[in-house]
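Feature annotations, reproduced from TrEMBL:
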BINDING   A143, V144, G145, E225, G226  S-adenosyl-L-methionine binding site
INTRAMEM  58-78  intramembrane segment
TOPO_DOM  1-57  topological domain 'Lumenal'
TOPO_DOM  79-90  topological domain 'Lumenal'
TOPO_DOM  112-138  topological domain 'Cytoplasmic'
TOPO_DOM  160-202  topological domain 'Lumenal'
TOPO_DOM  224-243  topological domain 'Cytoplasmic'
TRANSMEM  59-77  transmembrane segment
TRANSMEM  98-121  transmembrane segment
TRANSMEM  133-156  transmembrane segment
TRANSMEM  203-224  transmembrane segment
Amino acid sequence: MAGRPRPGGERGQAGGRRGAGLRWWPRDCCSGLGGLDYSEVDVTAMARLFSYVDMTDSGFIAAVLSIAFNPFFWNVVARWEHKTRALSRGFGSPHTACYCLGAVILLLNCVCSHCFTEAMKSQPKLEGLDSHWAYYSGLAIMAVGTLFVISSFLALGFTGTFLGDYFGILMEAKVTCFPFSILDNPMYWGSTAVYLGWSLMHASPAGLLLTAVVAISYTIAVLYEGPFTEEIYRQKQKGAKSN
């Protein structure tokens with residue numbers, strides 16, 4: 001999530017494990033992909049990367065499943081809570097329920113990071129990346145990603161980061177400070193950058209492939225969460241106008 005997080009997608013807007021800021025009209029980040037000519041893509045590097053990775057390895061499979069499971073889990077649980085308020089009733093208050101879900105998400109992210117690291121360790125390194133320049137490049141990317149994650153959390157707070165909007169804990173104003181001023185969904189993409197940097201530091205082809213899985217999972221999460229979170233705030237605005 002990173003635990004991932006606004007109305008518009010990532011928890012960054014108005015609450016969740018994401019990082020997009022309170023955006024009621026999310027930007028269409030993928031519309032430009034339709035104009036790409038995929039016939040011009042050079043797949044040589046990707047084919048070479050796959051040749052270094054044993055995708056049948058149990059550790060690699062565990063890492064893929066962990067990466068894919070986390071956003072699926074928090075979206076299913078959060079939508080269930082929004083529909084039933086079962087967690088809020090069970091824990092006695094929306095805030096307590098949100099804190100508990102946030103703790104579970106953080107634990108799942110720790111498990112995911114562990115699986116990611118173990119998958120890298122069990123697979124060979126790429127000689128071309130096993131160098132000082134790759135290591136320090138990865139360290140720099142990891143530092144930038146960490147900056148995005150931490151600054152997103154500080155801007156949103158705990159409930160703003162961990163799906164608070166699904167618990168009825170809505171933010172009053174749009175988050176426009178750094179890093180939301182320069183990037184949509186900085187919590188998600190900061191987390192992706194951390195994994196990318198970690199992979200480069202270990203010269204790991206398996207890590208690079210798993211980072212691609214992370215990016216795909218978060219992209220799907222943003223597309224899935226955005227419209228739903230946007231509707232939460234649309235209802236809030238409608239209710240405020242009726243009063």
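Even glycines carry a Cβ here, placed using N, Cα and C.
Binding residues for S-adenosyl-L-methionine (A143, V144, G145, E225, G226) extend across at most 27 Å, taking the greatest CA-CA distance. Each of 59-77, 98-121, 133-156 was scored by its Cβ pairs under 8 Å to the transmembrane segment (203-224), and the highest score goes to 59-77. The local packing around V144 (S-adenosyl-L-methionine binding site), expressed as other Cβ atoms within 10 Å of its Cβ over all shown chains, amounts to 17. Highest local Cβ density among the binding-site residues G145, G226 belongs to G226, counted as other Cβ atoms within 10 Å over all protein chains shown.
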